[in-house]
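> Okay, these came from TrEMBL:
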- A:4-255: domain 'Endonuclease/exonuclease/phosphatase' (DOMAIN)
- A:ASN7, A:GLU34, A:ASP154, A:ASN156, A:ASP254, A:HIS255: Mg(2+) binding site (BINDING)
- A:TYR111: active site (ACT_SITE)
- A:ASP154: active site, proton donor/acceptor (ACT_SITE)
- A:ASN156: site 'Transition state stabilizer' (SITE)
- A:ASP225: site 'Important for catalytic activity' (SITE)
- A:HIS255: site 'Interaction with DNA substrate' (SITE)
Amino acid sequence: MRIATWNVNSVRSRIDRVTAFLERHDIDVLAIQETKCREDQFPGLELSAMGYEFAHRGLSQWNGVAIISRVGLDDVATQFADDQPMFGDPEIVEARSIGATCGGVRVWSLYVPNGRELGHPHYDYKLQWLERLRQASAQWLADDPTAQIALTGDWNVIPTDDDVWDVTAFEGKTHVSQPERDAFHAVVDAGYADVVRPFTPGPGVYTYWDYQQLAFPKKRGLRIDFVLASQALASRVETAWIDREERKGKGASDHAPVIVELSEM
DNA sequence: ATGGTCGATATTCGA
């Protein structure tokens, strides 16, 4: 079974790339982030015609997450916790998480808050969001240590200095601060391993390149998109890769997809 | 790598 995660930066403007990606890599389950549309606007007809089911959480032109699967899509949840942190005026639970069981794997598509600036209310929201996710993720494994769980998505955290083209360019900025890195590693320590890194060793391996200032051809990227897997799922990982080719050309998302190949059970 | 931001209930805001 092959699962992937990809911040598509608008699913409506990118649907042809999404369907081509599913075919090119023979993907069974795709978690996407930043759909940037409401549920009634989701371009699902082409996916259905290809034999995929989908579940989408989208409230407005911001955020939005979905799971696309051809191996089942059960027990859909649009929050990882009843008390998931809220943001906005008025405060709402934003469309940043959706979970579903696909082919025996509990898959989460996660879009971690960006944080905007150190000290910004959005930064505190980001840290609270990650901590609440850690709590929920730890509880799932406490309930069933053999559960196959994939925490996938855009984490908006640069976990180590090897995961950014020049860490000095990020001094005083979000994504590299110690509280953010600690919050990310706390999820890992709860029992969820980065199953892609062993197959894509760095430095210089990234999943995101800014649209501005020729970041992609200049290889100025960040590694912020991850598949974190519970032990039972991690033991099934045969290989993984980042589809850097998808970042090329006109109409590319600023993020590249990340793919994990699992052995059959 | 074949390019010098992009997307949306846009004309500003979020990333």
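Here the Cβ of each residue, glycine as well, is placed from N, Cα and C on the backbone.
Unlike curated entries, TrEMBL annotations are predicted automatically.
If you look at the structure here, what lies around each of the features I listed?
Looking at the domain 'Endonuclease/exonuclease/phosphatase' (A:4-255) alone, the prediction's average pLDDT is 97.
For A:GLU34 (Mg(2+) binding site), the same-chain residues 6+ apart in sequence whose C-beta sits under 8 angstroms from its C-beta are A:ASN7, A:VAL8, A:ASN9, A:SER10, A:ASN63, A:GLY64, A:TYR111, A:ASP154.
A simple way to gauge crowding: the CB of A:TYR111 (active site) has 26 other CB atoms within 10 angstroms, across all the protein chains here. Following the DSSP three-state reduction, the secondary structure of A:TYR111 (active site) is strand.
Neighbour list (A:ASN156 (Mg(2+) binding site), Cβ cut-off 8 Å, at least 6 residues apart, same chain): A:VAL112, A:PRO113, A:ASN114, A:GLY115, A:LYS126, A:THR174, A:HIS175, A:ILE224.
A C-beta separation below 8 Å, combined with a sequence spacing of at least six in one chain, links A:ASP225 (site 'Important for catalytic activity') to A:THR5, A:TRP6, A:ASN7, A:GLY153, A:ASP154, A:TRP155, A:THR207, A:TYR208, A:HIS255, A:ALA256, A:VAL258.
For A:HIS255 (Mg(2+) binding site), other Cβ atoms within 10 Å of its Cβ number 26.
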> If you draw a 10 Å sphere around the Cβ of A:ASP254 (Mg(2+) binding site), how many other Cβ atoms fall inside it, taking every protein chain shown into account?
18
